[in-house]
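See structure below.
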Amino acid sequence: MMFRLTSVSCFLLVIACLNLFQVVLTSRCFPPGIYCTPYLPCCWGICCGTCRNVCHLRIGKRATFQE
């Protein structure tokens, strides 16, 4: 009976650990400077290709069509 109780306890402990890892991995976010997407969000700031505090607009020459 003692062996059965121990194996059931170990089994339940493994299930609890797997649930904990799932919560940690699914709520993962990225710090500033790391690549991000809408599905892999930034911990703080906003996603501009990489996690940043502010997205800066790139102003410059526009590309021209060449034939």
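Placed from the backbone N, Cα and C atoms, the Cβ positions cover glycine too.
According to Swiss-Prot, the features are:
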{"type": "SIGNAL", "residues": "1-26", "note": "signal peptide"}
{"type": "DISULFID", "residues": "Cys29-Cys48", "note": "disulfide bond"}
{"type": "DISULFID", "residues": "Cys36-Cys51", "note": "disulfide bond"}
{"type": "DISULFID", "residues": "Cys42-Cys43", "note": "disulfide bond"}
{"type": "DISULFID", "residues": "Cys47-Cys55", "note": "disulfide bond"}
{"type": "MOD_RES", "residues": "Ile59", "note": "isoleucine amide"}
### Task
For Cys43 (disulfide bond), find which of the disulfide-bonded residues Cys29, Cys51, Cys55 come within 10 Å, Cα to Cα.
Cys29, Cys51
### Task
Specify the secondary structure state of Cys47 (disulfide bond) as given by DSSP, simplified to three classes.
strand
### Message
Rounded to a whole angstrom, what is the C-alpha distance between Cys47 (disulfide bond) and Cys36 (disulfide bond)?
### Response
6
### Task
Output the one of Cys36, Cys43, Cys47, Cys48 that, of all these disulfide-bonded residues, has the highest number of other Cβ atoms within 10 Å of its Cβ.
Cys36
